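Engineer: For reference, the structure I am asking about is given below.
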Amino acid sequence: MTGTVYKSTGSWYQVKSDEGKFYQCRIKGKFRIKGIKSTNPVAVGDRVEFKLEDNPSEEEETGVITGIKDRENYIIRRSVNLSKQTHIIASNIDQAFLLVTLNNPPTFTTFIDRFLVTAEAYGIKAILLFNKIDTYKDEELDEVKYLAAMYRSIGYECLGTSAKTGKNVDKVKEMMKDKTSMISGHSGTGKSTLINTIEPKLDLKTMHISEQHRQGQHTTTFAEMFDLDFGARIIDTPGIKGFGVVDIEKEELGDYFPEFFERKQDCKFNNCLHLDEPQCAVKEALEAGEIPWSRYKSYLQIIKGEEDQSYRIDNYEQE
Ligand SMILES: Nc1nc2c(ncn2[C@@H]2O[C@H](COP(=O)(O)OP(=O)(O)OP(=O)(O)O)[C@@H](O)[C@H]2O)c(=O)[nH]1
Ligand SMILES: [Zn+2]
């Protein structure tokens with residue numbers, strides 16, 4: 001049978017067959033995939049082949065995963081104790097929404113750009129949701145419009161939303177239909193509120209708390225996939241605000257800024273890093289106002305290996 005992995009808790013995998021039935025499945029023996037040094041051979045989102053076990057005595061039908069199909073993409077986390085190994089958080093993700101708020105909490109463009117770069121590197125479509133639009137005054141609305149226009153000009157879809165009043169939530173649902181989505185953003189930007197507005201019965205926050213309560217404090221939280229009523233799937237990655245880590249070589253970083261990439265062929269040197277090289281098409285476009293300075297600033301920050309301070313911003317004022 002063929003199915004999709006919805007949850008993994010280490011030794012058991014919850015697999016939903018293409019016919020729509022859930023089975024608890026295991027992996028037998030040494031199940032390793034060539035080329036990937038991962039602590040978990042099977043991840044949430046994986047398309048797998050499995051066969052049912054003969055265990056008439058047991059009430060629940062269980063299965064054994066016999067194969068895994070090629071992944072369209074996957075996001076990883078470095079394993080804590082085994083330095084060379086990685087942990088695959090989830091796979092086959094169609095799109096990732098980033099919730100952006102201007103000041104409660106602040107989401108800086110450097111954070112947005114890092115998110116977009118990572119999405120490009122992983123091969124995942126990224127969409128920006130400017131949330132809490134109901135709280136903005138004219139000036140802030142202008143800033144949202146400016147940012148949205150800028151990111152749209154690069155090719156990213158942007159939408160102003162209010163998880164609270166429901167504004168444009170129907171559009172978000174439309175975008176999510178028949179797809180597997182992730183929802184990211186700083187703490188307090190409204191991820192849980194948005195999900196609750198979309199599907200009230202799926203109360204992720206309470207689910208996480210009860211799970212923690214059951215398992216105790218020091219547990220690894222696992223990614224999990226959920227079906228939504230209107231034919232969409234979301235992958236919830238508790239405790240992971242962004243995308244996990246990805247190592248990007250200096251030489252390839254510019255390729256993940258689409259507006260840099262499209263100009264790269266006009267740089268004098270084909271290995272141009274767009275720093276101090278002469279006749280750099282990216283810097284020329286920057287001077288001409290065709291590339292926003294904020295994007296170049298993010299590029300410099302990443303290429304110099306600087307930590308993004310805005311990653312640490314996890315505080316916001318409660319109303
Ligand atoms: N006015 C307004 N408030 C919102 C909106 N979305 C969320 N909030 C409020 O912002 C606060 C944080 O929202 P959450 O949904 O808990 O944010 P979160 O991103 O899930 O936060 P973490 O669980 O910490 O990652 C809550 O008080 C929400 O009621 C919105 O669109 N408009
Ligand atoms: Zn260049």
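Each residue, glycine too, has its Cβ placed from N, Cα and C.
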Engineer: Please pick, from CYS158, CYS280, the residue that TrEMBL records in the Zn(2+) site together with CYS267, CYS272, HIS274.
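Structural biologist: Within the candidate list, TrEMBL flags CYS280.
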Engineer: Can you tell which of the binding-site residues CYS267, CYS272, HIS274, CYS280 lies nearest to ILE133 (GTP binding site) in space, using Cα positions?
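Structural biologist: Among CYS267, CYS272, HIS274, CYS280, HIS274.
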Engineer: Looking at the binding-site residues ASN131, SER187, THR189, THR193, which one has the fewest other Cβ atoms within 10 Å of its own Cβ?
Structural biologist: SER187
Engineer: Among ASN131, LYS132, ILE133, ASP134, GLY185, HIS186, SER187, GLY188, THR189, GLY190, LYS191, SER192, THR193, the annotated GTP contacts, find the widest CA pair distance and round it to a whole Å.
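Structural biologist: Farthest Cα pair among residues binding GTP: 18 Å.
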Engineer: Taking ligand 1 as the reference, state which of the binding-site residues CYS267, CYS272, HIS274, CYS280 have a Cβ closer than 6 Å to one of its atoms.
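Structural biologist: The ones that qualify number zero, so the answer is none.
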Engineer: Spatially speaking, which of the binding-site residues CYS267, CYS272, HIS274, CYS280 is closest to THR189 (GTP binding site)? Use C-alpha to C-alpha, please.
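Structural biologist: Nearest listed residue in space: HIS274.
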Engineer: Would you mind reading off the Cα separation of CYS267 (Zn(2+) binding site) from SER187 (GTP binding site), to the nearest angstrom?
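Structural biologist: Cα-Cα, rounded: 40 Å.
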Engineer: Between the Cα atoms of SER187 (GTP binding site) and HIS274 (Zn(2+) binding site), what distance do you get, rounded to the nearest Å?
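Structural biologist: Checking the Cα atoms of SER187 (GTP binding site) and HIS274 (Zn(2+) binding site) gives a distance of 34 Å.
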